[in-house]
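Asker: The structure that follows is given in the form of C-alpha cells.
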Amino acid sequence: MAAPTKCQLRGRLVLLCSLLGMLWEARASQIRYSVPEETEKGYIVGNISKDLALEPRELAERRVRIVSRGRTQLFSLNPRSGTLVTAGRIDREELCAQSPRCLVNFKVLVEDRVKLYGIEIEVTDINDSAPKFQAESLEVKINEIAVPGARYPLPEAIDPDVGVNSLQSYQLSPNHHFSLNVQTGDNGAINPELVLERALDREEATAHHLVLTASDGGEPRRSSTVRIHVTVLDTNDNAPVFAQRIYRVKVLENVPPGTWLLTATASDLDEGINGKVAYKFWKINEKQSLLFQLNENTGEISTAKSLDYEECSFYEMEIQAEDGGGLKGWTKVLISVEDVNDNRPEVTITSLFSPVREDAPQGTVILLFNAHDRDSGKNGQVVCSIQENLSFTLENSEEDYYRLLTAQILDREKASEYNITVTATDRGTPPLSTEIHITLQVTDINDNPPAFSQASYSVYLPENNARGTSIFSVIAYDPDSNENSRVIYSLAEDTIQGSPLSTYVSINSDTGVLYALCSFDYEQFRDLQMQVTASDSGSPPLSSNVSLRLFVLDQNDNAPEILYPALPTDGSTGVELAPRSAEPGYLVTKVVAVDRDSGQNAWLSYRLFKASEPGLFSVGLHTGEVRTARALLDRDALKQSLVVAVQDHGQPPLSATVTLTVAIADSIPDILADLGSLQIPADLEASDLTLYLVVAVAVVSCVFLTFVITLLALRLRHWHSSHLLRATSDGLAGVPTSHFVGVDGVRAFLQTYSQEFSLTADSRKSHLIFPQPNYADTLISQQSCEKNEPLCVSVDSKFPIEDTPLVPQAPPNTDWRFSQAQRPGTSGSQNGDDTGTWPNNQFDTEMLQAMILASASEAADGSSTLGGGAGTMGLSARYGPQFTLQHVPDYRQNVYIPGSNATLTNAAGKRDGKAPAGGNGNKKKSGKKEKK
C-alpha cells in the first residue's frame with residue numbers, strides 16, 4: 001500500500017481536531033453532580049450558577065430554568081444563591097431499583113441564549129434497607145432415605161440497596177445434619193442451598209428447626225432471618241422433574257389479561273400421592289406476582305394484567321413442582337415483552353418566544369420543544385415537521401429537542417399572525433403521530449411610511465366659497481399597526497402673495513380634511529400649489545409628501561361693465577349723431593363692455609332691449625355695433641332713445657343696460673337747432689355751486705375763444721376766400737365747434753384745441769369739455785399721444801335752449817363729417833359681422849379681455865393713437881395682427897372716442913406729403929395754399 005500523501009495526513013489531522021473539539025464542547029456542556037439518597041428537601045447538590053459562568057442574580061435575568069421530560073421534578077434552582085437543590089426526598093430504590101448506578105438526567109435552559117445544558121446527577125445509595133425474605137418461615141420436606149450431599153434450594157432474601165449495602169452473605173444456625181452452601185449466579189445473585197451432611201432417621205427425629213440469616217455489608221450492618229422447618233418423610237423414591245431446565249417465551253405488550261404464555265410440566269415416576277405434582281412460583285418479586293398467574297395443577301402461566309414494555313421489558317422467575325411425598329423440582333422461566341407501537345409521540349413545549357418582532361433576523365429561535373416516544377426501536381424514533389410554505393424551519397438541536405427557527409425576515413404587513421402546526425410522527429407500523437398547534441404573533445415595527453393613493457391631487461373649488469368650507473379630503477394609508485399606523489396630516493409652510501399659506505387653507509391633522517379659511521376670488525388668484533405631509537406616530541416617525549393643487553373655479557359674480565358710452569356723473573346720457581341720409585347698416589355708434597369673469601362667464605352678447613322707434617336700429621349680437629336697420633324717414637323723430645342690454649353667458653346670466661340718445665341730423669348746427677326746440681322741464685333746479693361753475697367755465701371759454709379767433713384771423717388774413725372766413729366766423733359765433741388747422745412743413749407743429757358740446761334732451765345743462773392741448777407733428781407720434789391727459793371741465797348753462805337764437809349755419813364742410821370709413825367699427829365701409837365665433841378656450845378669452853380693457857383705458861384717457869388707419873381707432877397697430885373679425889367678435893374695435901369730428905387721416909399718407917382722401921373741402925383748401 002502506498003504511503004499516505006501530505007494532503008491526506010493534513011485532512012486526517014483536521015478531522016481529528018474537529019472531533020476532539022466536538023467532544024470537548026459536548027463534555028463542557030454536560031455538568032455532573034452526585035447526591036445521596038434520602039436527603040431532605042433543599043439539600044444543596046451543586047453551585048450551578050458558577051458552573052454556568054453566571055452570577056446568581058443572572059439566573060432570573062436570563063430566565064434559567066430546568067426542563068424535564070414528564071418526570072416528577074426532583075431538583076430545583078435557588079435563584080438567590082444560584083445553587084441546585086433537591087425538590088424533595090429522593091429514594092434511590094424507587095427511582096432506579098437494582099441498577100448499579102442511579103443517574104438522573106435533565107436539561108437546564110438558558111432562555112435568553114436559547115441554549116440547553118445537560119445535567120447528570122448520580123444518586124448514591126445509603127444502607128437504608130435490610131435484606132428481606134418473602135416469608136417469615138419455610139417448610140422443607142426431606143425423605144429419610146436421602147443421600148448425604150443432597151442439596152435443597154432455599155429462598156433468597158431481597159435487598160433493594162446496591163453495592164456493599166446490598167445482600168452480602170447468608171448464615172445457617174448450627175446443626176449436625178445440615179450445612180449451608182452459597183452459589184453465585186450469572187447475574188451476580190447469591191443463591192443459598194441447604195446441604196444434607198448426615199443421613200436422616202425418622203425414628204430418631206421427625207423434624208429439624210433451622211434459622212437462615214441474610215446480612216448486607218453496609219454500615220451499620222443490617223440483616224433478616226427466616227425459620228426453616230425440615231420434616232423427615234417416609235420413603236419417596238422419585239422427585240418431580242421438569243421437561244426443560246429453562247423456559248423462554250416472548251409476548252407482545254398489548255396482549256389482553258388472561259393470555260396463556262406457556263406450560264411448565266414436571267413429571268414424577270412415583271405413584272399415588274407421591275406422583276401427584278403441584279406447581280407454585282418459587283422465586284418472584286411482588287410486582288411480577290401481580291402481572292402473572294400460575295395454575296398449580298397444570299403449570300400453565302398466563303398474564304394477570306396488561307403488560308407494558310416501557311415499564312419492564314423482561315421478567316425472570318422460578319417455578320417449583322412438589323409431589324405428595326414432599327420431593328421438589330425447580331425450573332426457570334424467562335419472559336421477554338416485545339414492544340408494539342402503542343404509544344404516540346409526546347411533545348412538550350419547553351419555550352415559546354411569542355410575540356416576535358418582524359425585524360427579527362433570520363435564524364431567530366421561536367420555539368423549543370421536546371419530542372419523545374416511549375416505544376423502542378423504530379417505534380420510538382420520532383420525526384417532526386411543520387406545514388409547508390411557512391417562513392420557518394425545524395432544527396434538531398440535541399437528542400429529542402427541536403428548535404423552530406425563522407427561515408427569512410418576517411413581514412407583519414403580509415402576515416401578522418402564524419398558526420403553526422408541529423407534527424411528531426414515529427417510524428412504527430402503522431405510524432402514530434401527535435400534533436401541537438401554536439399561534440405566533442408578529443409585533444410591528446415602524447418600517448412603512450404613510451402612502452397616498454395618488455402621486456398628486458387636483459382639487460377644484462368654486463370661488464366665493466364660505467369660510468370654513470371643506471375643500472377636499474386626502475387619505476394616506478400606513479400598513480403598520482397601532483401607533484405606527486396613526487397618520488397625522490400637515491401642510492408644508494409656504495407663502496402666497498406675501499401671506500402664509502396657513503391664512504388661506506388649513507388641514508385637520510387627524511382626518512386629512514382640507515378647509516378654506518377665506519373666501520377665494522377667482523379674479524385675485526386662480527390656483528394654489530401646496531404640499532401635504534402625512535407622518536405616522538412611530539418612533540422614529542416616517543412621513544411622505546404629496547402635491548396638491550387647488551384650482552379656483554370662476555363663478556358668474558361680475559356683471560358686464562359698460563366702458564362706452566360712459567355715463568356722466570349727473571346721470572345724463574350722451575347724444576350720438578346719425579345723418580338723415582344714412583343708409584341701412586350705417587354705423588351709428590358702438591357699445592363697448594367687458595366682464596371681469598372668465599370663460600363663458602365673460603362671453604358677452606348685445607341686444608336692443610328697448611327703442612323709441614322699433615325696427616329703426618339694430619345691435620350687433622357680438623360686436624355691440626349700433627347700426628341703422630332701415631333708411632331714415634322724415635317722419636322719424638329727431639331724438640331716438642335706445643336701451644342696449646349687455647348679457648354674459650354665465651349661470652345665471654348677469655346683464656347691464658345703457659341708454660343711448662341718437663340725434664338725427666346732418667350737422668352739428670342742425671343738432672343744436674333741433675335740440676334747442678326741445679322742451680325741457682322747468683322744474684329742474686341746479687344748485688348754486690353748479691351755477692358758479694358754469695359761469696366760470698363760460699368766462700374761460702370766452703377768453704379762450706377770443707384768443708383762438710384772433711390767432712385764426714391773423715393766420716388766415718391772406719386767404720383769398722373771405723366768404724369762407726365769414727362763414728366760419730358766423731358759425732363760431734353761434735355754436736363753438738372743433739377746429740383742426742394743419743400747417744404744412746417739415747418741423748411745423750399743430751396745436752389742436754377741441755371743444756365739445758354734449759347736449760341732452762333730458763337736461764337743461766350743456767357740457768363743454770376742454771381737453772389739454774395736444775402737440776403732435778404730422779406723423780402724430782404715438783408716444784406723444786399716449787402722454788395726453790384730458791382735463792374735462794363741465795359748464796352748465798342756465799338759459800333755456802329754446803330762448804337762445806342760433807346763427808344760421810353755412811353748409812357743412814365735409815372735413816367736419818365722419819366718412820363711412822371713419823365710423824367706429826371693424827371696417828370703415830363694411831358692416832360688422834354679428835355672427836363671429838366665440839373664442840375656443842379660456843386663454844384666448846382672457847387675452848381678448850385684456851386687450852379690450854387696455855383699449856378702453858386708452859379711450860378713457862384720451863391717449864389712443866389716431867394714426868392707425870381708418871376705422872380702427874388706433875388699435876390696429878398694436879392688436880390688429882392677432883385677432884380679426886373672421887375669428888372672434890371684434891371687441892378690439894369696440895373703443896369709440898366721442899367728442900371729436902376730426903378727419904382720421906392715414907399717418908403714412910402724411911409722411912408721403914399726400915393729403916388724405918377726404919371731402920371736397922380739403923381739396924379746395926389745398927389748392928388755395930398752393931396759390932399762395
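Glycine is treated like the rest: Cβ placed from N, Cα and C.
Pulled the feature table from Swiss-Prot, pasting it below:
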COMPBIAS  816-841  compositional bias 'Polar residues'
COMPBIAS  922-932  compositional bias 'Basic residues'
DOMAIN    348-452  domain 'Cadherin 4'
DOMAIN    453-562  domain 'Cadherin 5'
DOMAIN    570-683  domain 'Cadherin 6'
CARBOHYD  N47  N-linked glycosylation site
CARBOHYD  N127  N-linked glycosylation site
CARBOHYD  N389  N-linked glycosylation site
CARBOHYD  N419  N-linked glycosylation site
CARBOHYD  N545  N-linked glycosylation site
REGION    803-841  region 'Disordered'
REGION    902-932  region 'Disordered'
TOPO_DOM  29-692  topological domain 'Extracellular'
TOPO_DOM  714-932  topological domain 'Cytoplasmic'
Asker: Restricting attention to the domain 'Cadherin 4' (348-452), give the mean pLDDT.
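Answerer: Mean per-residue confidence for the domain 'Cadherin 4' (348-452): 91 out of 100.
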Asker: Could you tell me which of these glycosylation sites, N47, N127, N389, N419, N545, has the fewest other Cβ atoms within 10 Å of its Cβ?
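Answerer: Fewest other Cβ atoms within 10 Å, among the glycosylation sites N47, N127, N389, N419, N545, is found for N389.
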Asker: For the domain 'Cadherin 5' (453-562), what are the DSSP-based totals of helix, strand and coil residues?
Answerer: 7 helix, 52 strand, 51 coil
Asker: Specify the secondary structure state of N419 (N-linked glycosylation site) as given by DSSP, simplified to three classes.
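Answerer: Once the DSSP labels are grouped into three classes, N419 (N-linked glycosylation site) ends up as strand.
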Asker: I'm trying to understand the geometry here, so how far is the Cα atom of N47 (N-linked glycosylation site) from the Cα atom of N389 (N-linked glycosylation site), in Å to the nearest whole number?
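Answerer: If we compare the Cα positions of N47 (N-linked glycosylation site) and N389 (N-linked glycosylation site), the gap is 45 Å.
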Asker: About how far apart, in whole Å, are the alpha carbons (Cα) of N419 (N-linked glycosylation site) and N389 (N-linked glycosylation site)?
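Answerer: Taking the Cα atoms only, N419 (N-linked glycosylation site) lies 12 Å from N389 (N-linked glycosylation site).
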Asker: In whole Å, how far does the CA atom of N545 (N-linked glycosylation site) lie from that of N389 (N-linked glycosylation site)?
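Answerer: That comes out at 37 Å between the alpha carbons.
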Asker: Using Cα coordinates, what distance in whole Å links N127 (N-linked glycosylation site) and N389 (N-linked glycosylation site)?
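Answerer: That comes out at 60 Å between the alpha carbons.
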Asker: Mind checking how the domain 'Cadherin 6' (570-683) divides into helix, strand and coil residues in DSSP?
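Answerer: Helix, strand, coil within the domain 'Cadherin 6' (570-683): 13 helix, 46 strand, 55 coil.
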Asker: Under the DSSP assignment, what numbers of helix, strand and coil residues are found in the domain 'Cadherin 4' (348-452)?
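Answerer: The breakdown for the domain 'Cadherin 4' (348-452) reads 4 helix, 56 strand, 45 coil.
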